[in-house]
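Swiss-Prot annotations:
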type	residues	note
BINDING	N18, L20, G45, E66, D91, N112	S-adenosyl-L-methionine binding site
Amino acid sequence: MRNDVHLGHKARKRFGQNFLNDPYIIDGIVSAINPRPGQNLVEIGPGLGAITEPVGREVDKFTVIELDRDLAERLRNHPELADKLTIHEGDAMRFDFTQLVKPNNKLRIFGNLPYNISTPLMFHLFEFHKDIQDMHFMLQKEVVNRLAAGPGSKAYGRLTVMAQYYCKVVPVLEVPPTAFVPPPKVDSAVVRLVPYEELPHPAKDLRLLERVCREGFNQRRKTVRNCYKALISAEVLEELGVNPSMRPENLTLQQFVAMANWLADNPQH
């Protein structure tokens, strides 16, 4: 049997499809999500329903977003799920999640995300952080390491800072390639992202925070003084509690925000 065919569906490379088929891992993911009736659950990329089916056994209604027309059609005709699902056929990267929000019922989003779009998709979802209760995603293990990293580590970068700006990041479980058909070439992991009710370190202008992150991590081996010399003087860095001789990869989220907020208050620079 071909190793890229699962339940009669051939995995499509352009959609980055790898189908989960390990019952032990599936149980672990569903337990982590802990779906309950009445919750506003949204699955991105339900695929062949490996997580969709067990979640469907716990709840009466939920929403799925699926780009692959054949898979969306399959779900519409699913004997157990058809009546429970609201199916949005299309690209989650362009989806306006505010249309799913209900009064006092924030979104609980989950999915086995295609690894080729996981980072831009998370940046898209962060825009809706006020409407989201939590997110559970299967990702490349390397991406989960980046999301959860601390300053000074190799995995620490722009994605880390922006994810931790919006969310508490909790790695949940590791998943070997053998849990999928076809097996990906990388290890995977499940992560829980819980958006803060109140941002712990709010930026006055997000574009400036993204800019200081981008400039810092593009030159992570330079000193902070050299990296930001066109933007912020060494004296101001000292005032902000930033040591000019350290490297950008050692700066905390709080320090990146302090620099961005200084730039927002001093726009002539």
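Note that Cβ sites are derived from N, Cα and C of the backbone, with glycine treated the same way.
Swiss-Prot feature annotations superimposed on the structure.
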residue	record	contacts (Cβ under 8 Å, 6+ apart)
L20	S-adenosyl-L-methionine binding site	I26, G47, A50, I51, N112, M138, A179, F180
G45	S-adenosyl-L-methionine binding site	I65, E66, L67, A92, G111, N112, L113, P114
D91	S-adenosyl-L-methionine binding site	L67
In Å, how large is the greatest distance between any two Cα atoms among N18, L20, G45, E66, D91, N112, the listed binders of S-adenosyl-L-methionine?
20
DSSP-derived class (H/G/I helix, E/B strand, else coil) of N112 (S-adenosyl-L-methionine binding site):
strand
